[in-house]
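Taken straight from TrEMBL:
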| type | residues | note |
| --- | --- | --- |
| TRANSMEM | B:15-31 | transmembrane segment |
| TRANSMEM | B:38-55 | transmembrane segment |
| TRANSMEM | B:106-123 | transmembrane segment |
| DOMAIN | B:125-418 | domain 'NADH:quinone oxidoreductase/Mrp antiporter transmembrane' |
| TRANSMEM | B:129-148 | transmembrane segment |
| TRANSMEM | B:160-184 | transmembrane segment |
| TRANSMEM | B:204-228 | transmembrane segment |
| TRANSMEM | B:240-261 | transmembrane segment |
| TRANSMEM | B:299-317 | transmembrane segment |
| TRANSMEM | B:323-347 | transmembrane segment |
| TRANSMEM | B:368-392 | transmembrane segment |
| TRANSMEM | B:404-424 | transmembrane segment |
| TRANSMEM | B:445-464 | transmembrane segment |
Amino acid sequence: MIELLLFYVFAAVLLFAATMVITAKNPVHSALFLVLAFFNSAALWLMAEAEFLGIALVLVYVGAVMVLFLFVVMMLDINLAPMREGFARYLPIGALVGCVMVVEMALVVGSKDVNLIHGGPVTSAAEGVGMSNTKALGSVLYTVYAYPFEIASVVLLVAIVAAIMLTHRRRPGTKQQNIDRQVRVRKEQRLRIVTMAPEKRK
Amino acid sequence: MTFEMPDFLLALPEIWVLSMACLVLVVDLFARGRESALAFHLVQFTLLAAAWLSIETQWGVTATTFSGTYVADKFACLLKVAICLLTFLVFAYSRDYLRKRDLLSGDFFLLGLLGVLGMMIMASAHSLLTVYLGLELVELCLFAMVAYDRENRVGSEAAMKYFVLAALSSGMLLYGMSMVYGAAQSLDLAQIAAIAANGESGLLLAFGLTFILVGVAFKFGAVPFHMWIPDVYQGALTPVTVYVGTAPKIAAVALFVRLLVDGLGALHDQWQVMATIIAVGSLAVGNLFALVQTNIKRMLGYSTIAHVGFLFLGFIAGTEEGYSAALFYAITYGLMAAGAFGVVILLSRRGFEADLIEDMKGLNDRHSGFAVVMLILMFSLTGVPGTVGFYAKWLVLKAVIDVNMVWLAVVAVIFAVIGAFYYLRVVRMVYFDRRSDGEPLEASTGLRIVLAGNGLAVLVLGIFPDSLIMACKVALAG
């Protein structure tokens, strides 16, 4: 009973957040609502005992992708007025695409074979394997798939090396500290002692 | 799934290269400023040692490890040796060039070494997952290397084009792989071969096969997926062009053989027609477009496309001789292309790229020795008897004629004759044209020795090709 209640709460918030993503006028608000939508879908996944997917969604999308997204939205100075100009022009084609999608969904949801509404026996993701799916993934990831896993890590290493190589380069003319030379500097190089006769006051 | 401890010793060449790459990464950080000499020598040593390790640990064995994702056999061994030695040659050419332009840093050699690791992984792949990850590793290194000189706008543009097109083709390849996975219910190439052989779910496999062939043809740069080759060859720094044009072609042979021969070999009838279209298209476009080029790097780019067309003839034949002929072609082509670009590097100096065909004028007056090297390389690319290029062409043509596709051999020979024009034009410029400013060559002694050795290797292999031909045959017989 409480599970069903939780499901409806999460689902309702998810739908609300998803609607707000496309209707909010401020792009920053849209991005924040998308974060909310991700959190709620992660919660739904957790309830379906697909906890690995839920955690990955929060870590990857909320933690990394959305933060990046927010940075971009905040950094770009987007002028909203020109973006709204085309609304009426694109309305017919947008409505057409929307209708097609609604009809397709109705066909899938309403179909007797799929029977999503009345539902067949719901098997949780954990059943069948005999362990939670995080554990199941972990047990093959570092054993059977150890070799591909290692290659993937090398691919990431190359991505880091390449990104640093392409962006971090010394340009001629920039002023930089050279700590080596600063430390090694000797008194003679900086200080010149001049002997001069004391001036006499007249 | 049951798990048994992998035999790490079997994968020693890859483990060695990866460990050394990590070492070079750290060493280069602390030994910068002295022209990255330490990093360069370490990388060169790593490549030679990797070639030796491959022969020691993998020649003569046929075994899989890492739960069937890695295979060690003679084919993989020969490819790894060829990839390591060719890359060794390419790096030997690169250093002088980069130093003269103040571009020398360990990153270049490090990325090259990691690219070699990717190619070795592809050579030893025994699962769709490993094939794909190895491929991604190579391509990522190649993108970065093409964009290596940030100040050069043409290079950045070439890298961008390459990146977008390669991403698209990787998508195609993955789509095909997912179809094959759906049909075979397994990523293991041996299982896929078994499913393909028993003939069930043929339509799904054929569907996947088409997309896989598209992806593979892109990696080769075969028509109609050749668009990136001329731009990348022209836009990249010459050392990067040599790198792109040599070892990755051998890795592409690995990709083809692993996916379409080891995996989907039973569907040879289905991909034969598609491969024939690709081969004839490549021969035609490569040779005809090369005729009108004025930039020698671009001309060699189109010449690559033509050679890929020839190489495909070996695959089309679909026999063991055919595959080994294609492998022989790829290895010897790598050697010839490295030499041809080596001459371009030799003639260039700071602020002058020597990348026009006209810049070859009067090479004989400036240095008759390197004129002979260029003569040998151009004759070899044409396929004149006495050079290794002749045997490469002869073997693939023989393989095609053996399966009664004489018309294809005739088409190939006609285009080879057309192609002779632009190679011999270079020879004419080297020997018979005068150049107003006959400046002496600036290249260092090391570069001269390497280039002379490369020319000599092409000549010696042209006179005694038997051992390499035998090695290629043995590699594919197992």
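Positions of Cβ are set from backbone N, Cα and C atoms, glycine also.
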Same-chain residues near the transmembrane segment (B:445-464), Cβ under 8 Å, at least 6 residues beyond its ends:
89, 92-93, 95-96, 332, 335-336, 338-339, 342-343, 345-346, 369-370, 372-373, 376-377, 380, 386-391
Same-chain residues near the transmembrane segment (B:106-123), Cβ under 8 Å, at least 6 residues beyond its ends
13-14, 17-18, 20-21, 24-25, 27-28, 31-32, 36, 39-40, 43, 46-47, 50, 54, 75-76, 79-80, 83-84, 87, 90-91, 94, 98, 130-131, 133-142, 144-145, 148, 239, 243, 247-248, 250-251, 254-255, 258
Sort out the residues at least 6 away from either end of the transmembrane segment (B:240-261), same chain, that have Cβ-Cβ distances under 8 Å to it, and list them.
75-76, 79, 82-83, 86-87, 89-90, 93-94, 112, 115-116, 118-119, 122-123, 125-126, 128, 131, 134-135, 138, 142, 145-146, 148, 189, 209, 212-213, 216, 219-220, 232-234, 271, 297, 300-301, 304, 308, 311, 315, 323, 326-327, 330-331, 333-335, 337-338, 341-342, 345, 476
For the transmembrane segment (B:15-31), the distant same-chain contacts (Cβ-Cβ under 8 Å, at least six residues beyond its ends) come to 8, 37-39, 42-43, 46, 49-50, 53, 105-107, 109-110, 113-114, 116-117, 120
